[in-house]
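TrEMBL lists 23-50, 62-83, 103-125, 146-165, 211-230, 242-264, 276-298 with the feature transmembrane segment.
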Amino acid sequence: MEKRLEGPMRELLLDISDSEKNWLYYSVVSFFVVSTIGATILTMSFLVLSILLWRHFKSMRFFWFLTQLTTSAFVISAANLFINIPAALSLFSKEVTQSRMFYFVSYLIDFCHYSILFSNLVIAVQRAFVFFLRNLTDRFFESKVIYIWISSIYIFAFGVEYALMSSNCQYRFGELARKYQLICETTNYANVVITMTTPTEVQLMETMLQIFLPLSILIIYIAITVKIIYMKGSTLSKNETLILKQAIFVFLIFQASSCVFLFAQSVQITNVGAFLVKRFVNTMEILAGAATPSFFFFTSKEIRKLVSTRVSAVSSQGPSNIQVRAARTLE
């Protein structure tokens, strides 16, 4: 018997009657659709902007990590746009949601989700070096070592996926248990698929990803904020407050997803409840990916200064040179 790998969180093929589709159902689905479309447009714009501004900001190692995170955020948003929105709106047949391509894209979404989590951790560590170990920052981030950092993000994300795939583990909603369960399967000597106990390392890995890493990111940013206050001997500025708000927002998004999903694994829920939990988790994954680039591109003084300088230069040249100058700003 061929061992079949299915999605990390199996697409639900549940019968939900029209009577169960209340205001909460339509609110969650609408929020998921709007968030996916909005995040796809935003992250695509940020990614294009990162490419256009690469020459100006490539000396900032933080910008390298931000571009990598933005790429993952765009992929996860676009992938949800093309498979999970149609699935949520029941536009796909059962055969499509059980196809290999659907499973592949599901694993790609899961991979990008983990890479975003690790990217946020690396960005937090890089900022911590700047504030607490400034003399070591160049050694660890301003050399070819940065390629190791970027590669490690993908290596760890792939490691998580490999750990789940090698044990054939996936989250399923059991209609008998009425809750989500992490189910791992194996094949016995007679080629019969049987359910096995979830490996300890998989349980430990899930705990770290859902609780420990987001908490670590928040603690790092709180420590940075305290350091800034101590150095200045005064209250936080607007920019520093934004950095802290970003950390809290990202933490809450990751934890909101984890808490709701942990709740769905502990308490019996209905079919429509299981459907809403899955879409809520999808939405939080998308928002978590778009959060960091959104904060940076909308609040960065460097980008605002660069754009303002370019616009001023274009305006001062007069109508005859507007097109030439505008083209140069994109180089």
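Every residue, even glycine, has its Cβ placed from backbone N, Cα and C.
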Among the ranges 62-83, 103-125, 146-165, the one whose Cβ pairs under 8 Å to the transmembrane segment (211-230) are most numerous: 103-125
Positions whose Cβ lies under 8 angstroms from the transmembrane segment (276-298), at least six residues beyond its ends: 9, 12, 24-25, 28-29, 31-32, 35-36, 39, 42-43, 46, 49, 66, 69-70, 72-73, 76-77, 80, 84, 88, 109, 112-113, 116-117, 119-120, 123, 173, 180, 242, 245-246, 249-250, 253-254, 256-257, 260-261, 264, 269
